[in-house]
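What TrEMBL annotates here:
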- 20-41: transmembrane segment (TRANSMEM)
- 371-390: transmembrane segment (TRANSMEM)
- 421-440: transmembrane segment (TRANSMEM)
- 461-480: transmembrane segment (TRANSMEM)
- 500-533: transmembrane segment (TRANSMEM)
- 540-562: transmembrane segment (TRANSMEM)
- 596-618: transmembrane segment (TRANSMEM)
Amino acid sequence: MGLLSDPNRRRALTKLLTRLNAPICVMCYLAGVAWFMGLAFEPFTLRTYMSENAMGSTMVEERFPAGERALATGREFAAHKKKVGGMPVDWLVKTMQSRGLEVFTQSFTRKLPFPDENKERYMVRGTNVYGILRAPRAPRTEALVLSAPCSEGNNNNQAVGLLLGLAQYFRSQIHWAKDIIFLVNEHDLIGMQAWLEGYHHTNTTGGDWSPLQGRGGSIQAALSLELSSDVITSLDLVLEGLNGQLPNLDLANLFYAFCQKIGVLCTIQGKLQRNDWDTTSGYSHAAQTMMLMVLKQASGRPWGDHGLFLRYHIEAASIRGINSFRQYKTDTTTIGRLLEGMYRKLNNLLERLHQSYFFYLMPSLSRFVSIGYYMPAFGLLAVILLLRALDLWVQLGASPPGTEDGVAGGVQVSNGPSSPGVLSILTPVVISHMTGVALYTLPILSQEMAVQHFPVSETEAVVLTAIAIYTAGLALPHNTHRLLQGEGTEEGWRVLKLVALLYLAVLLGCTALINFSLGFILALSLVPIAAFITPHTPKALSAAIMVLLSPGCTLLYCVFVFQELQETPVSLQDGWMLFLSVISQGILDHALYGSLVYPLLALLIYPCWLLLWNILFWK
């Protein structure tokens, strides 16, 4: 405190920070990147452990003897699905009733804002079927959910068969203290969204669905099952939910514990755990797994049906069966035993899962990185913005008073260097955000007009309109200065950059608190240009760097990096088509499920980048 309260010492510290500002910023950036990459090194991570005492180890043996019967039920379900050309509602209702469940259905309808060309749908109509196994030993105030989506073709038939087999086996047990809801949802996430909104009496996305006739207790946890083969080689755990939300780490720990106990190969991000962490290949494998999780979380989209449960504070995950070239095989009976053991553990919960972490990264299923370990990497990047803002503040405070022509009788002109006009600062801010509003609203509103005048589909019209508006923003500096008519001053761009730096620091900080992965990726690309861009840098080179580090190009890079990490590299043409698909899916995810990534980029991040673009071309 003495250092800051003493004017001489404070002045000396300020001079030191301003003199060494650029080297300190470069060191902070390199240190932040190095810190993040070091998180995948096993000695810097923590070993997973079970925090919830109610789910500790017991001597209970997991049982499920009806694996072959579940497969037969799955084949029967596939035959009825093929016969009716969709969800066999009547057959599911009769089958669940024969297993002693209280069975209910829910119909829903949803019109998409524009056609989803990936899944070839526009007007979606479907039915959810669910059965409730009432708790025989409790007042039925809490519930667990096991769901399996009814997918197109031959996908996920085995999961529905196993779900019905588990329902029959659970019915014969008397130790359940929670209601167990067995749900078969149609049209994947759209059907799940309709069911969750009906269960919780909410309608946040504008869907049309019938009210639920039967309910269980407050849902404590949920698992979504995806199996498309009679035997599998490994089970993959999917955690990433809507807007980057993650379930409580104890749910992942529970899955890993039972896989280890029963002897099932388990993966995360489709990658097996390796023990050679002290080798280059071992570290590279862990880093790839962690970066895949970062990219998935940053996308903000739910990567499974479980992702929509998290917005209702329900801990949920998806379990996917993978049948690959590995010789190790696991049958349906073993998977049933694993699920039965997990639900018996969840049945023991006396309160919601809360004792373990909600913010974490996982280089493997046995190791994790807590928020206290990965936030310093972001902090090192964010402090650069504050250091540059401090440097600008000192420069503005040290500027001599006067006008552009010097001192004129002590009268200060409004457009002088020491007092830039408010209009010169406010105009770029307003125009940049108006462009962001246009980027957010016009692609969907103008799709019909675009289809009428150009030979494109509705989806192509939406994506191309968004790209056109994004590109048109590059012309803003020229138009802004035409409006200002020469009000731009040397002090003006410094004030505008000071505003942009503080704005970006707050924006990235708030984003990182909600979705660290998204905030960190944006900081990697935006912090360098925000820190060092000025009107005095070479225009052509600086403009090229700014475009290459813009939010749109960052998204394009992420598409190629994601494909490389998944070991499915694509050509430039295929990567560009994937990039266009990602844009359309981002807009659809916002309209259908409430994903916040697209409005964040359009309304806040892009306008902030446009402010920096205005500074580069300041006159």
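Here the Cβ of each residue, glycine as well, is placed from N, Cα and C on the backbone.
Proximity of the transmembrane segment (371-390) to the transmembrane segment (500-533) is established through 3 or more Cβ-Cβ distances under 8 Å for residue pairs spaced 6 or more apart. For the transmembrane segment (421-440), the most Cβ-contacting stretch among 461-480, 500-533, 540-562, 596-618 is 596-618 (pairs under 8 Å). Where the transmembrane segment (596-618) meets the stretches 461-480, 500-533, 540-562, the count of C-beta pairs under 8 angstroms peaks at 500-533. Below 8 angstroms of C-beta separation, residues 113-114, 427-428, 431-432, 435, 438-439, 442-444, 446-447, 450-451, 454, 547, 552, 580, 583-584, 587, 606, 610, 613-614, 616-618 of the same chain, each at least six residues beyond the ends of the transmembrane segment (461-480), sit close to that stretch.
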